[in-house]
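Everything below concerns the one structure shown next.
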Amino acid sequence: MHQASTRPAIAITTGEPAGIGPEISIRAAWAMRAQVNCVLLGDAAFLALTASLIDPAIELAALSVQALRNGGLPHFGPSRIAVIDVPLGAHVVPGVLDPANGRALLATLDLALEGARAGWFDAIVTAPLQKSTINDAGVAFSGHTEYLAEKTGTAQVVMMLAGETEPGNPPLRVALATTHLPLKDVAAAITREGLARVIGIIHDDLKTKFGIAAPRILVTGLNPHAGENGYLGREEIDTITPALEQARANGIDARGPYPADTLFQHKYLIDADCVLAMYHDQGLPVLKYATFGRGVNITLGLPLIRTSVDHGTALDLAAAGLGRADCGSMEQAIRTALHMVDAQRASQL
Ligand SMILES: NC(=O)c1ccc[n+]([C@@H]2O[C@H](COP(=O)([O-])OP(=O)(O)OC[C@H]3O[C@@H](n4cnc5c(N)ncnc54)[C@H](O)[C@@H]3O)[C@@H](O)[C@H]2O)c1
Ligand SMILES: N[C@H](C(=O)O)[C@H](O)COP(=O)(O)O
């Protein structure tokens, strides 16, 4: 555990204000304040109101962006969590989306990136956004993953979710070859070179950000039964197998392609550090079924550490009032970011 004086600083973007993001951000930051300097990015008045309704004992400290730009992140003790005001455009009605707030939500991400680059923050943790609301606000947005890649000028990133199937079990990690795109576009998006790059990023980040010396990666096919020798699709033969050969030639322990429907068995997973699935709904339903509430979403390949929760905005819970949302995934996202900070520092020694 980190001592109070050496606690890493983590920026938490508090997410869609009509959803559960602000509540789980405050609860998790408050619960973990002894281990981590959490800085919440969002509308300060709205966060203060939410915090007072959760628990009047919660203490927030206001930080100004200008002060950070002038002098970096000031030291503040474990009795408070910090807030940087990023004002919303419109009044918040829990459970009701308002595109007038869309651009302010992106501004929290931009500020988190600025702070990570400037060294104010050791990592970024993001609460959920409603992707459609950002688009309704007039900004094309398919997810944090793609947004952070674009804003950091990173050509290729990888979405990976991880979680303990039972508390205390080793984590199941599932990475995706493609992220948020229509299913009809998936096959064309998977290329030999691209897939080899994805495998390389998983390998490198598991080493440097997770401390795994020789990562073992199991790769699924795209088609039913991994293409059934070409009778149910040729992507395994034409694309996935050559990409695996390329990765292995680079010294990476990557195996497959395996049929996705039977790969998720203990006897295979026990020998794996990560499963690489070809698309979102091939890999994530398995992971979320097995770990929902304990899972974490991690963006690999970025020049910074970013984690997030394994769930969305849960507008239904927000509309019903505070106290319904489970903040386990948010706490785990913060914990994972802390582990990654430590592992990355150790790999740089
Ligand atoms: N990290 C992110 O920004 C992120 C992640 C996933 C989904 N989303 C977005 O969230 C929006 C809503 O997505 P959805 O409805 O498919 O999924 P959702 O996760 O918001 O809700 C699915 C179900 O899970 C429940 N649930 C979610 N989080 C919970 C929690 N912390 N505690 C208890 N129950 C919880 C909800 O009540 C609902 O029944 C979409 O716009 C989606 O793109 C964002
Ligand atoms: N694909 C993620 C999930 O299902 O949990 C989620 O949509 C969040 O993605 P971003 O982190 O890219 O916003």
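Glycine too: its Cβ is placed from the backbone N, Cα and C atoms.
For the divalent metal cation site, TrEMBL gives His180, His225; the one candidate out of His144, His203, His266, His280 that the record lists there too is His280.
Comparing the Cα of Thr145 (substrate binding site) with the Cα of every entry in His180, His225, His280, these being the binding-site residues, the smallest distance points to His180. Under DSSP, Arg306 (substrate binding site) is assigned to a strand (E or B) in the three-state scheme.
A Cβ distance below 6 Å to any atom of ligand 2 is met, among the binding-site residues Thr145, His225, Lys288, by Thr145. Put simply, of the binding-site residues Lys288, Asn297, Arg306, the one whose Cα is nearest the Cα of His225 (divalent metal cation binding site) is Lys288.
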